[in-house]
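According to TrEMBL, the transmembrane segment annotation covers 12-31, 70-95, 152-170, 190-211, 268-286, 298-320.
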């Protein structure tokens, strides 16, 4: 379909670019599975660390998450360079589409986790026999792995897409600057040795950490509200634990629903306003110092650093959270003392820490990375 007389062999290069994208998707799924499935060594080592207490469980989980960033970054690096060498910028776009061509399967895997999780909840609330809960626990553990693999896929595709959006941003700035593209690339080198450009990069990296902090903090605050409400209901309705009184489920749902909307205003505003403020401030500074393209350069550095930091942070949060959850599930299969043991209690602590990692901050970063690239692209004219 991509055959052209001017370059008769170009279609083959683009076909290879698409294959690079498909292989990248497969590699991401496999790596995520290795680090989050309790059939493999990383999660089993994390479960073993729980046998010596809560602290060692947290240390092992954090180190596992940090380690899990290495292989995906190598895969992304090879994919971007390979696709660019094979087909230039369009080749990178073809590789991105190759990776996204597996989205149907990935969405299917993503749906499996919540379905299995909710099935386990229904079994528990309807007081089914323990044998039924054991089956749903195994399905839930598989669901945790599939959710982790889909999040790995999401961050990989975000990395490839952001590279394209960054190139589009530079082209758009060139158009609005009314300079020939070749001369523009000479004038608009994003040189981090320039102090203002380096500061823009620092601000981009800081944005990722601050956004993640606010997202995790929102979960913590809401959890405290829910715990206080549950304690209040237990005091006022002592028959709940004996199944003689029905709890007020609606109150807990209302607390979580309203908090989820209220608490995300601040991180959302940070993501949207930050690049615009930085671009406008450094645009004014550039005009005062005789550097008309300074605003665009600083925002470009901010976008580059935020993308790199965001990819690493999201990989860490997603994988650590999934590993903590499945370490708990592994212990619940009967190893290391099983349910109710001290080892299990330590694993529950790790799972509690991991939930905001893998379910809030991590997935939010996928959106943040793409949104930053889109905002800088759309708002490029105000930085000049």
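Every residue gets a Cβ built from N, Cα and C, even glycine.
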Chain residues in Cβ proximity to the transmembrane segment (70-95) (below 8 Å; excluding those fewer than six residues from its ends, i.e. six or more beyond): 10, 13-14, 16-18, 20-21, 23-24, 27-28, 31, 152, 155-156, 159-160, 163-164, 167, 311-312, 315
Spatial neighbours of the transmembrane segment (152-170) far in sequence, C-beta under 8 Å, 6+ residues away: 21, 24-25, 28-29, 31-32, 72, 75-76, 79-80, 89, 92-93, 95-96, 99-100, 102, 106, 185, 188, 300, 303-304, 307, 310-311, 314-315, 318-319, 363, 365-366, 369-370, 373-374, 376-377, 380
